[in-house]
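Pulled from TrEMBL:
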type: BINDING; residues: B:Cys87, B:Cys90, B:Cys121, B:Cys124; note: Zn(2+) binding site
Number of protein chains: 2
Amino acid sequence: MGVVRKTQSVNLVLNAFKAENKAISVIDLVDRFSDKINKTTVYRVLDRLEDDGVLHSFLGVNGIKWYAPCKDCSEHKHTDVHPHFQCTDCGKIDCLNVDIIIPKLPNREVAGAQVLIQGKCEACCN
Amino acid sequence: MGVVRKTQSVNLVLNAFKAENKAISVIDLVDRFSDKINKTTVYRVLDRLEDDGVLHSFLGVNGIKWYAPCKDCSEHKHTDVHPHFQCTDCGKIDCLNVDIIIPKLPNREVAGAQVLIQGKCEACCN
DNA sequence: TTTGTTAATGCAACTAAGTTGTATTAAATT
DNA sequence: AATTTAATACAACTTAGTTGCATTAACAAA
């Protein structure tokens, strides 16, 4: 909800995700835009873009927040419950285009799941 | 590795896990022992117990660290890669005794996975 | 194109989780 | 009981993220 203005900050952040089609950590974003966008603004821009279904967020190994572009999400429906893969060598995270089967749990109401697979990425496997 | 002494702090922490057989967040532990154990000590005790395969740690929804007793872990082998279930209502986390199947990923070396299932727990389902 | 509205920003100060260094204390060993 | 050294308390620090508020800049309407 709410009017989302195409501000300079929004454009800068969106271009970053367009340029490299992978997840970027908030820390990385705050750092790389430190001379152009205020830290607080980065956090708020990401919040807004997530609300609008443009980005989705999740947590990396150390509890650091990461963002990645959404594919099938909208403002009203967030279907992006795919797993993420974090490389233990280089630290990079990719979105995986596979489905994880969550088993039925008796007496519990499953609403979603966060799956972070760890290991060596393609580049670091050599 | 390393000699682990059965200190007062270690006993207090271990008793907490023995009393309630579920995961406890670091924040909770630091808080409930605030008048008996120093914050730094709580962190270091948990570190040691995890190294020794007594406890295992994982991250909750907000990137907060949680600990739970290990069942089949040892100092040398950590096999506890079961999923955890966090209730979106009451915030409590349980260890789930089910296996999650991680799909084979081409060109990647999978080392482990963190699975956090979210929803309503048994108590909050009513 | 100017004006008015208000979303968005910058800045400073703050909170909260977790870490580090160091002197002191208390397990365990002799 | 004396000795060794792991473990602790305390203070200070780091880092991720938030809050409040005055200012700025999108953007719509005149």
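Note: Cβ is positioned from N, Cα and C throughout, glycine not excepted.
Whatever TrEMBL says is automated annotation, not expert-curated.
The most densely surrounded of the binding-site residues B:Cys90, B:Cys121, B:Cys124 is B:Cys121 (count of other Cβ atoms within 10 A of its Cβ).
Every protein chain considered, the tally of other Cβ atoms within 10 Å of the Cβ of B:Cys87 (Zn(2+) binding site) stands at 20. The secondary structure of B:Cys124 (Zn(2+) binding site), as reduced to three states from DSSP, is helical. Shown in sequence order, B:Thr88, B:Asp89, B:Gly91, B:Lys92, B:Lys120, B:Glu122, B:Ala123, B:Cys125 are the same-chain residues outside B:Cys87, B:Cys90, B:Cys121, B:Cys124 whose Cβ sits within 8 Å of the Cβ centre of the Zn(2+) site.
In three-state terms derived from DSSP, B:Cys90 (Zn(2+) binding site) belongs to neither a helical nor a strand segment and is classed as coil.
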